[in-house]
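What TrEMBL annotates here:
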{"type": "DOMAIN", "residues": "A:12-325", "note": "domain 'Phosphofructokinase'"}
{"type": "BINDING", "residues": "A:GLY16", "note": "diphosphate binding site"}
{"type": "SITE", "residues": "A:ASP118", "note": "site 'Important for catalytic activity and substrate specificity'"}
{"type": "SITE", "residues": "A:LYS144", "note": "site 'Important for catalytic activity'"}
{"type": "BINDING", "residues": "A:THR145, A:VAL146, A:ASP147, A:MET193, A:GLY194, A:ARG195, A:GLU248, A:TYR298, A:LEU299, A:GLN300, A:ARG301", "note": "substrate binding site"}
{"type": "ACT_SITE", "residues": "A:ASP147", "note": "active site, proton acceptor"}
2 protein chains.
Amino acid sequence: MAAKEKKNAFYAQSGGVTAVINASACGVIETARANRDRIGKVYAGRNGIIGALTEDLIDTSKESAAAIALLRSTPSGAFGSCRYKLKSLEANKREYERLIEVFRAHGIGYFFYNGGGDSADTCFKVSQLSQTMGYPIQAIHVPKTVDNDLPITDCCPGFGSVAKYVAVSALEASFDVRSMAKTSTKVFVLEVMGRHAGWIAAAGGLIEDEGIPVVVLFPEVEFDEKKFLARVEALVKKHGFCTVVVSEGCHHPDGTFLAEQGTKDAFGHAQLGGAAPVVANMVKQGLGYKFHWAVADYLQRAARHIASKTDAKQAYEVGAAAVKLALKGHNAVMPTVERVSDAPYKYRIGVAPLDKVANTEKFMPRNFITADGFGITEACKRYLRPLIQGEDYPRYRNGMPVYATLKNVAVPKKLPTFEMQK
Amino acid sequence: MAAKEKKNAFYAQSGGVTAVINASACGVIETARANRDRIGKVYAGRNGIIGALTEDLIDTSKESAAAIALLRSTPSGAFGSCRYKLKSLEANKREYERLIEVFRAHGIGYFFYNGGGDSADTCFKVSQLSQTMGYPIQAIHVPKTVDNDLPITDCCPGFGSVAKYVAVSALEASFDVRSMAKTSTKVFVLEVMGRHAGWIAAAGGLIEDEGIPVVVLFPEVEFDEKKFLARVEALVKKHGFCTVVVSEGCHHPDGTFLAEQGTKDAFGHAQLGGAAPVVANMVKQGLGYKFHWAVADYLQRAARHIASKTDAKQAYEVGAAAVKLALKGHNAVMPTVERVSDAPYKYRIGVAPLDKVANTEKFMPRNFITADGFGITEACKRYLRPLIQGEDYPRYRNGMPVYATLKNVAVPKKLPTFEMQK
């Protein structure tokens with residue numbers, strides 16, 4: 001056998017992006033560059049795994065060190081993301097064969113996939129290609145999700161920043177309502193992400209420590225309108241105002257989301273989205289209080305300007321750790337954050353087997369939610385507080401943050417076109 | 001006549017609050033304290049002018065210098081605000097007589113009112129009390145409004161920070177959509193404040209300079225669905241995605257707001273608010289693009305964490321200038337921001353007669369809006385850019401911004417209770 005050739009790496013971003021997923025990309029690419037003797041080029045998939053399937057690879061070696069460094073403070077996915085889950089090998093063998101063709105054509109031996117639960121599943125399937133299809137590959141999953149719902153890891157990069165955004169925004173808006181409550185708005189409703197798990201909504205509960213009366217509505221707790229209105233009324237009577245943080249996944253006992261209350265527009269079309277206006281209108285109808293509501297949507301997960309320093313740091317570290325794990329010969333694993341202590345906050349980067357990560361969601365434990373279902377416990381606060389610690393401001397120019405837009409130069413194609421399955 | 005007694009000052013916050021109205025309060029109080037030889041105490045109205053009418057005064061001398069200094073970086077109204085406009089002297093003479101009783105009882109000779117157009121009207125009426133009711137008072141209006149719609153002054157404190165929030169948030173969310181556009185969201189819609197004037201929406205147009213395809217919907221331009229959809233389609237075809245920034249005041253040619261499209265909830269109640277979901281659904285129905293939408297609402301005007309340094313500075317300066325104007329003997333005036341040059345940005349604090357300010361709204365000039373009605377011109381960008389310059393971060397503790405909550409100690413009452421008119 002000839003002298004061992006350096007293998008190239010494939011990196012892709014998957015699913016909903018975050019304020020710090022590019023920090024993980026930065027960690028992967030900078031660590032690979034620091035190990036040039038063992039890793040060739042890092043090819044990024046344009047729009048996630050689709051870039052691999054369609055041989056649409058980005059040559060990250062064309063980007064300057066400064067451009068890659070700037071990824072650390074740039075929100076969203078610099079190479080494009082996708083919502084696409086590989087089917088099982090049995091159901092769509094053609095896709096796996098194609099992946100191998102692309103990997104072989106471009107000398108790819110490392111597969112770094114940066115995503116949440118669905119992506120962990122895709123990454124796990126790829127990690128099995130050595131066994132199932134005879135192509136030698138090491139696949140490492142880099143954790144990312146604002147939903148904080150991956151198992152084993154103490155937290156998921158992306159979550160700390162959205163938690164900080166939600167806590168800070170809810171606090172600021174609460175100060176606003178408090179100012180206005182005498183003659184105007186008494187209840188402010190903020191809708192946040194989290195279709196299944198209430199971690200993001202929970203972050204809103206942190207404002208209680210700043211003296212704000214707050215009601216949190218979790219997806220983990222069946223919504224009870226009567227109890228909810230009673231709680232709001234009690235808080236407004238006592239404090240003059242209150243803030244409600246509602247998860248988009250908040251639902252009635254029958255499973256229907258609050259946001260799907262049969263609302264129709266003028267043309268009779270079902271009106272999409274918006275748990276906040278539904279909750280706000282309930283408050284108006286039931287209690288007569290003037291309200292305001294906001295839906296943060298993408299603003300919350302893109303808000304790099306108020307990212308958590310802890311989160312940005314961990315996002316970088318799991319990217320760097322993924323490359324180091326690969327160099328140590330690992331396959332089918334995911335770097336994790338292992339908490340050592342709450343206060344002072346200490347953690348180390350650990351590792352989890354991917355088959356234990358894929359397709360498992362981590363919900364809020366019951367002891368993180370108060371007995372009445374409307375707030376977070378001290379145990380939850382102890383968990384959350386370290387994750388929003390520290391500010392990590394981007395650089396600004398002319399009043400605007402300086403975020404990286406990469407050149408994203410395509411790697412010349414070597415294979416025939418591949419038709420994606422619809 | 002005995003040795004001239006020092007007069008006390010009354011200060012109140014009025015109307016919708018902002019990220020920097022407390023910086024103006026800080027400017028008023030610190031400047032008054034620096035002139036203790038000539039100004040007695042500063043009494044703040046609890047909840048605006050209502051605090052004066054009900055003799056609910058806050059003794060700001062009970063607050064430490066550190067607490068007052070912290071107001072400079074605290075959003076919202078520290079003394080409470082109100083939405084309450086004094087009627088004319090003819091229509092409600094009783095209220096003016098009451099104001100004079102309260103002023104007299106507490107030795108108040110200076111009246112500082114911190115608000116927008118309606119508040120300027122109230123302030124002007126108070127400024128006339130020397131003439132109309134024989135009570136010697138000097139009333140100075142301190143400009144404040146996120147809407148940026150006061151005349152004469154080049155800009156209104158409060159606006160620069162909301163403009164920065166909108167520009168930064170729209171940029172970040174646009175990066176997000178750009179990442180997702182291949183297989184998911186192609187259009188992001190952000191709803192911002194501005195019922196009559198499109199200044200805040202205009203700030204969203206600044207992201208064009210960062211390479212983002214953006215459509216701005218102003219209240220000043222009648223909404224044309226067909227033209228709008230054609231514009232969105234053209235941008236998505238060219239760039240793969242686009243961002244829409246819609247003013248809450250955007251309306252159809254017949255004057256009805258987009259947000260009032262006859263939408264009803266499951267109970268048949270008119271659904272309140274939300275131009276963004278209406279626009280997003282139009283895009284879905286008309287073009288089939290997947291969308292996301294956000295409504296920033298209070299988050300935008302409370303976002304002290306991303307305040308414009310220029311704005312925070314000017315807010316402080318107009319507060320300080322108001323006190324200096326009073327000490328120079330002025331009445332019925334408002335300090336203004338006078339722009340000297342765009343780049344480098346230079347300005348000075350000027351002064352305007354209050355009768356020219358009250359009840360006049362300043363809309364976006366036509367030459368600030370592009371010919372097609374969907375964007376901002378270079379002239380508008382030249383106007384806006386300086387106003388979002390600089391960051392002025394609050395201090396953080398344990399991951400959360402440190403904002404002032406004052407003691408707000410009540411001044412002992414000396415008068416009988418006053419029944420507010422309903």
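Cβ atoms here come from the backbone N, Cα and C positions, even for glycine.
Remember, TrEMBL labels are computer predictions, not curated facts.
Chain B comes close to A:ARG301, taken from the recorded positions A:LYS144, A:THR145, A:ASP147, A:GLU248, A:ARG301 by a C-beta to C-beta distance under 8 angstroms.
The binding residues for substrate are recorded as A:THR145, A:VAL146, A:ASP147, A:MET193, A:GLY194, A:ARG195, A:GLU248, A:TYR298, A:LEU299, A:GLN300, A:ARG301; their greatest pairwise CA distance is 16 Å. Counting every protein chain shown, the number of other Cβ atoms lying within 10 Å of the Cβ of A:THR145 (substrate binding site) is 26.
A C-beta separation below 8 Å, combined with a sequence spacing of at least six in one chain, links A:GLY194 (substrate binding site) to A:ASP147, A:ILE200, A:ALA201, A:PRO219, A:SER247, A:GLU248, A:GLY249. Comparing the Cα of A:ARG301 (substrate binding site) with the Cα of every entry in A:GLY16, A:ASP118, A:LYS144, these being the recorded positions, the smallest distance points to A:GLY16.
Least packed by the Cβ count within 10 Å, out of the recorded positions A:ASP118, A:ASP147, A:GLU248, is A:ASP118.
The highest number of surrounding Cβ atoms within 10 Å, among the recorded positions A:LYS144, A:ARG301, is found at A:LYS144. Distance between Cα atoms for A:THR145 (substrate binding site) and A:ASP118 (site 'Important for catalytic activity and substrate specificity'): 11 Å, as a whole number. Cβ neighbour count for A:LEU299 (substrate binding site): 27 (other Cβ atoms within 10 Å of its Cβ, all protein chains included). Of all the recorded positions given, namely A:GLY16, A:ASP118, A:LEU299, those whose Cα is no farther than the 10 Å limit from the Cα of A:LYS144 (site 'Important for catalytic activity') are A:GLY16. Non-local contacts of the residue listed as 'diphosphate binding site' by the CB criterion (under 8 A, 6+ apart in sequence, same chain) comprise A:SER81, A:ARG83, A:GLY116, A:THR145, A:VAL146, A:ARG301. If you take the Cα of A:ASP118 (site 'Important for catalytic activity and substrate specificity') and the Cα of A:LEU299 (substrate binding site), they are about 23 angstrom apart, rounded to a whole number.
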